[in-house]
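What Swiss-Prot records for G222, P223, P224, G225, T226, G227, K228, T229 is ATP binding site, and it gives sequence analysis as the kind of evidence. Positions annotated as N-acetylalanine by Swiss-Prot: A2. Residues annotated as phosphotyrosine in Swiss-Prot: Y180.
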Amino acid sequence: MATLEELDAQTLPGDDELDQEILNLSTQELQTRAKLLDNEIRIFRSELQRLSHENNVMLEKIKDNKEKIKNNRQLPYLVANVVEVMDMNEIEDKENSESTTQGGNVNLDNTAVGKAAVVKTSSRQTVFLPMVGLVDPDKLKPNDLVGVNKDSYLILDTLPSEFDSRVKAMEVDEKPTETYSDVGGLDKQIEELVEAIVLPMKRADKFKDMGIRAPKGALMYGPPGTGKTLLARACAAQTNATFLKLAAPQLVQMYIGEGAKLVRDAFALAKEKAPTIIFIDELDAIGTKRFDSEKSGDREVQRTMLELLNQLDGFSSDDRVKVLAATNRVDVLDPALLRSGRLDRKIEFPLPSEDSRAQILQIHSRKMTTDDDINWQELARSTDEFNGAQLKAVTVEAGMIALRNGQSSVKHEDFVEGISEVQARKSKSVSFYA
């Protein structure tokens with residue numbers, strides 16, 4: 001074995017980095033230190049083996065627990081509603097402080113940690129869960145729908161919100177295909193509707209920058225057949241929004257509270273699927289002026305309207321949920337519906353003017369094979385007090401007459417005869433306003 005002098009004479013890599021204390025040690029002392037290092041290496045190897053064994057045991061436990069979780073999560077689940085979520089730490093701290101004050105003993109093994117929950121199952125059982133289950137308790141809220149194990153009642157998964165099937169049926173699945181070019185003679189009404197409904201949805205940043213609060217909704221009123229529903233569908237198509245079509249008579253139910261529940265579910269569904277346009281047709285069915293009545297049916301209609309008022313006040317205009325209502329009896333509506341802050345924009349749909357009637361006739365006949373010499377202005381002058389729906393009926397009648405006569409195209413005389421047909425069916429005694 002080389003002596004210290006020989007080691008000093010040799011040029012070894014890292015000599016400059018050696019500690020001066022090590023260089024001053026004797027051979028015996030270096031051998032002793034080497035043995036100590038060997039012992040430490042053996043200890044570290046033993047510790048490494050122990051940790052490796054513990055890691056393998058832990059992996060086995062994790063695998064076993066995953067298998068148990070998989071077995072427990074097998075469908076079907078029992079459906080339950082979360083009643084309350086409680087923080088057990090606060091409860092235990094309070095009980096422990098009271099027990100300490102009274103000189104009692106505290107059993108640390110039984111102290112609960114974390115959050116607990118109270119759930120009510122579909123089998124009408126109310127169960128307290130000190131351990132919530134596989135769902136993060138911080139994400140649970142009262143009234144949430146969850147799936148629980150039918151034996152242990154542990155929460156296994158969260159379920160989507162439950163809505164009334166009648167409300168789900170109100171959602172228009174197919175996107176409306178109407179455009180503003182399909183609506184004739186309503187340029188002013190289109191502009192007002194775009195300002196109230198479309199712009200707040202598509203350019204919300206502009207309203208925010210200017211500090212303007214967008215209207216919550218709009219009320220369209222006017223005689224039947226003037227294009228209220230058509231314009232609402234065109235508005236929904238332009239905004240790419242979910243379209244919920246509520247017919248107000250559907251909200252009048254036989255049982256007490258059913259109509260109000262439908263209104264609540266409709267607005268909850270609209271918030272979940274935002275941006276959404278809620279279109280309430282024939283609003284006068286539930287929005288009539290309130291009056292004293294002994295009949296339960298009248299009181300139920302009034303309760304439904306009060307729930308509608310509450311929902312109009314309850315959601316912010318920033319929620320990308322807009323309400324469009326249509327009626328042909330604006331004179332019978334309750335003043336509470338018409339006040340500012342609910343249906344802010346009131347849009348009147350009058351009977352079309354002469355130029356508007358000519359435009360509507362051209363829109364409805366643009367896909368028909370017609371002669372070039374049709375005088376649309378003359379036809380418009382002949383259809384005084386016709387609404388949009390009756391003008392469409394004129395074009396249909398003209399097409400049927402041309403088909404009946406074996407013609408290859410629709411002539412001006414066919415439109416004149418179609419006007420006569422519709423005029424004959426038009427009752428002069430019908431009044432749309434009381």
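Including glycine, each Cβ sits where the backbone N, Cα and C put it.
Quantities reported herein were computed from a predicted structural model and do not represent experimental measurements.
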Is the residue listed as 'phosphotyrosine' helix, strand or coil when read with DSSP?
helix
Here are the binding-site residues: T226, T229. Which has the lowest count of other Cβ atoms within 10 Å?
T229
Rounded inter-Cα distance in Å - K228 (ATP binding site), Y180 (phosphotyrosine):
12
What does DSSP say about K228 (ATP binding site): helix, strand or coil?
helix
Rounded to the nearest Å, what's the C-alpha distance separating T226 (ATP binding site) and Y180 (phosphotyrosine)? Just drop the number here, would you?
14
Which residue, out of the binding-site residues G222, P223, P224, G225, G227, shows the minimum number of other Cβ atoms inside 10 Å of its Cβ in this structure?
P224
Expressed to the nearest Å, what is the distance separating G222 (ATP binding site) and Y180 (phosphotyrosine) at their Cα atoms?
19
Suppose the ATP site is G222, P223, P224, G225, T226, G227, K228, T229. Which further residues of the same chain have a Cβ inside 8 angstroms of that site's Cβ centroid?
A326, N328, F349, N387, G388, A389
Could you find out if DSSP has G222 (ATP binding site) as helix, strand or coil?
coil
Provide the number of Cβ atoms within 10 Å of the Cβ of K228 (ATP binding site), excluding the reference atom itself.
25
If I restrict to non-local contacts, at least six residues apart, and a C-beta distance under 8 angstroms, what lies near Y180 (phosphotyrosine) in its own chain?
I190, A234, Q238
